[in-house]
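Worksheet: one structure, shown below.
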Amino acid sequence: MSPFWKQFAIIFWLFYVLSASLLIFMNGFLLSRDEFTDKASCVNKSSVQYSDKLNLQVCTDSKSQKLVLLIVDALMYDFANFDVNNKQPLPYQNKMPIFMDLVKSKPRNAKLLKFIADPPTTTMQRLKGLTTGSLPTFIDAGSNFASSEIAEDNFLDQLNRSGRSVVFMGDDTWTSLYPNRFKREYPYPSFNVWDLDTVDQGVVKHMEPELKKKGWDLIIGHFLGVDHCGHRFGPEHPEMSRKLREMDDFIRNLVGMLDDETTLIVIGDHGMTANGNHGGDSAAEVTAAIFVYSPHSELFPASGEPVPQVMQVDLVPTLSSILSVPIPFSNLGTVITEVLPRVESDWPALLIDLVNNANQVNQYITKYHSYGGQFSDELVARLSREHMELVVKATKLKNLAGFHEFVADVRRYLGSVKLMCEEVWVQFDLASMVLGCFATLAASFAVFIVISAIPVQEFIDFASTKKLSLALFVSVATSVISWLFLGAFLEFSCFMSLFLIVVFIFINRHEANNHLKAIKQSKSLIDLNILSAIVLLISLFGLGSDNFVVEEGFAVSILTAALIASLFFFWVERKQKPAHLFYGLLSYQKLAFTAFIAAFFALVWSLALYWQCREEQSWCQSLPSTDLNKNGKLYQQVAFTPLIFHTFPVLANWYWLKKNGNLVSNELTSQFITYLPILTTVLSIMYWVLESLPAHLLKKTVQWDLQILPQICFLLILISFLCLLYDPLLVHVVHPREQVPEGRADLVPYLFHQVKSALNRNGKKGVCAVYGLSTAFSSAASVVGLLLYQLLSLLQGSKVVPALVITLIALMLLIIIASVSRLNTIVLPGQLVYVPWFAVVSWALLSVVCFYGTGHNATFPGIQWQAAFVGTSGQFSSNFLPGLLIIASTFSSQILFGVLLPLLLVAPLTVLSINGGLARQDVKEKAANGEMFIYEKSSLTEQGLFMLCVKYILVLFLRVYLKNSLETVVV
């Protein structure tokens, strides 16, 4: 096995130990609940007595033969409410007067209420809650991207079992969750958030014909235009006004088509933030609207004070009551009596609905408690007594006043049950979390000792023998045995690997002691590493504070700037006399170093202009959610900003490679790497200009341009990368007797240079010229960075291009600053390929700064869904491709910093070859060959790269672990 694969095996092993310990912790951290496949049923009223059948539902008569349920995705309450006193409404305000018109003209037949969702406010979880009445947990949110069939009892299955017919049209998520449930279905692709009209037009097209048909009991129409408009443009865009007016016109026409046997319910599944996103738990995201209209019957009057809002889980028992089907088994909602089409004298029928609701919930918690035992025995017993009292009380009701009191009692009881379930389902598995914490801390400390105290060569020698294979075999064998007999493969494999690492450290304790003594010779480097550890710990343990989590982008920017600023003070020679200190600060090296640091500060703080603010950051102003401004006119100037910023990386990279001789060759590979990135830049700008056109102009263009242009860009990036992979060393060798190529336009200058070079050889044969040798390694990395930038800029859009360019420049400045600092603080030449902790920590912190600086944040609304539609039609047979594009966009800074990590090792030698004046004279003399030092000291370089990778993995691991564990403590 080659040294490379030996080191790779070691890194993989250490990475597995860290990952396994984190997974043990996450098993206790991720919240979940048990799901049952039990189906609710009902019995005839004549065959049941309330006093002895406490868990049965009684079959009821239909109160409305037919129901139309419209889901206007992201219909927040502010969209539906009409404020007559608002004389200057925003684009999303006062655009749907139909609801208020009906409430005022027919107050006993129509109601508009706030409709509060349980987070997470992702569409799939909301649909699950709206059909089953259950509560989502955190682990459910991941299934929003891969919707699978729902097995829990739901009102659609109850309708099918009762012989009722359901017709569906709209968002195809329904047909994924409930296949083969609909008599007729008209699904439309839902993932393309750039398409505002296709789904809505499909619902409008099929609604009227279906209304006129016979043989249906429920029609479901799910509109997506409002939600997609929010994602693409935000709520304050003219397109939002258009979509809301379209909804208003459609509902107004629909009301006129309803017969006296049909009830209309219009709901929103969630709201949206000021940026048009959703997924979290802010008031704007959870506050949707529900509107109920019954043309044939008055709605039941409120019991006591009118309720200003209802929970979304309450829809399920309400629909079940209207359609006279059993309430689904796992429901935790409460019947909304105020929206049932019943007059006041029908309270005895409503009494049966409420008792059914209480019986169903009691049956569910009894089953859940007996199955998992998560609920408190005392609390379950108390709730059972309350339920029995309610059932007994129901048998004694004689008048309407008593019924109103009973409604309040049922709501209190069901509210207590829901609260108990919420509290239990946010409890963590403390045993797994404690075990994971211990494993994580032990693994982190062990890995830190390995890479900081034990010489890398000892680990390499260990991998060269059969000891590593034997250790891995023992670890895997014991883990498999434990899995077969105890079902605990992950835990045993993690702790067995930890044990073997500890044994290795103990065996090499003497070498570790000698290695630490050698490191202590560099006092300033030790101080820097200690300071870096302090800064890293502040950034990690600060995550235990809510305020730090909300302001993490700002806080990490300060910590990164402080760590970089400290490099200057550690560079000042301690032995320098005070009288000479001022003049020492005016040296060329320190002036240049100061300029680099000042420029770095400016770039870091400029990234704040591109933050996407959280709801809690009232002081913050987000980058607009779209390339179009509120007036839709930015297409007239959208090319300007990308043109200036987007051309900078490709031109700067071309100049850099030309200047250092890496692109002087006429070979095909060199030509591809020279011109393909330029062509990619031009095509991407063309794509952004087309994309920014307003809707009425965009319809006149060739639609496939929006797909083919980014696809060509992706292809050019791939070709460039393959060329670099085929010939990664961008060097050109000119042999002494090289033949003159034919067809050269610059033949005379070429011959002149050949003659001149021959004269300079003074008759010495065999001498050749090599171009680009001093930057052979960094040139390949710069090309990779350019290609990555072009890929990520396509995914994130023109609005983020300036931030990505700033990220690249800040990254390069950090490399230069760390390199200059190392060139003036190292003791031995071999330390040139040793990347200290302060550089790794600064690199990791800057990646976090750039994560926020490129328009992301650590919330569900912060996900930029539009990346899934770059170069695609928006219609996918699987979620792999859109998921991959969204992940690449979301973690663009982490990907960029991770791929370019080796530059931290190479950069000091690159700086030496470009400007030796930035280094001490003794260092300059010992590494005069620039990056060829890597080739000359290949063994040291491999060891340095190994340590760099493990350090970076450890820092990232600590961030992921402590972010989850400390936020758990906060919760």
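Every residue, even glycine, has its Cβ placed from backbone N, Cα and C.
The transmembrane segment feature in TrEMBL is assigned to 12-31 (among others).
Feature annotation from TrEMBL assigns transmembrane segment to 430-456 (among others).
What TrEMBL records for 524-542 (among others) is transmembrane segment.
Remote same-chain partners of the transmembrane segment (554-572), defined as residues 6 or more beyond its termini with a Cβ less than 8 Å from a stretch Cβ, comprise 524, 527-528, 531-532, 535, 538-539, 542, 548, 581, 584-585, 590, 593-594, 597, 600-601, 604-605, 607-608, 814, 817-818, 821, 824-825, 838, 841-842, 845-846, 848-849, 852. Among the features that TrEMBL reports, transmembrane segment is placed at 554-572 (among others).
If one looks beyond the transmembrane segment (592-611) by at least 6 residues along the same chain, the residues whose Cβ comes under 8 Å of a Cβ in the stretch are 553-554, 557, 560-561, 564-565, 567-568, 571, 620, 622-623, 800, 802-803, 806-807, 809-810, 813-814, 816-817, 820-821, 846, 849-850, 852-855, 857, 918. What TrEMBL lists as transmembrane segment is 592-611 (among others).
The transmembrane segment annotation in TrEMBL covers 668-688 (among others).
What TrEMBL records for 708-727 (among others) is transmembrane segment. Among residues of the same chain six or more beyond the transmembrane segment (708-727), those with a C-beta under 8 A of the stretch's C-beta atoms are 667-669, 672-673, 676-677, 679-680, 683-684, 686-687, 690, 780, 783-784, 787, 790-791, 794, 870-871.
If you look up TrEMBL, you'll see 800-820 (among others) marked as transmembrane segment.
The feature transmembrane segment is assigned by TrEMBL to 832-855 (among others). Long-range neighbours of the transmembrane segment (832-855) within the same chain, counting only residues 6 or more positions beyond its ends whose Cβ lies under 8 Å from a Cβ of the stretch, are 525, 528-529, 531-533, 535-536, 539, 552-553, 556-557, 559-560, 563-564, 567, 604, 607-608, 610-612, 623, 796, 799-800, 803-804, 806-807, 810-811, 814, 818, 822-823, 826, 864, 891-894, 896-898, 901, 904-905, 908-909, 923, 927, 933-934, 937, 940-941, 943-945, 947-948, 951-952, 955-956, 959.
Annotation comment: TrEMBL describes 867-888 (among others) as transmembrane segment.
Within the chain carrying the transmembrane segment (895-914), a Cβ under 8 angstroms from the stretch's Cβ atoms is held by residues 660, 774-775, 777-778, 781, 784-785, 788-789, 792, 807-808, 811, 815-816, 818-820, 822-823, 832-833, 835, 839-840, 843-844, 846-847, 850, 888, 923-924, 927-931, 933-934, 941, 944-945, 948-949, 952, all 6 or more beyond its ends. Per TrEMBL, transmembrane segment is recorded for 895-914 (among others).
What TrEMBL records for 944-962 (among others) is transmembrane segment.
Contact check: the transmembrane segment (430-456) against the transmembrane segment (944-962) gives at least three Cβ pairs closer than 8 Å, residues 6 or more apart, which meets the contact criterion.
Residues of the same chain lying 6 or more positions beyond the ends of the transmembrane segment (800-820) and with a Cβ under 8 Å from any Cβ of it are 564, 567, 589, 592-593, 596-597, 599-600, 603-604, 606-607, 609-610, 623, 641-642, 645-646, 648-649, 785, 789, 792-793, 838-839, 842-843, 846, 849-850, 853-855, 892-893, 896-897, 900, 903-904, 907-908, 910-911, 918-919.
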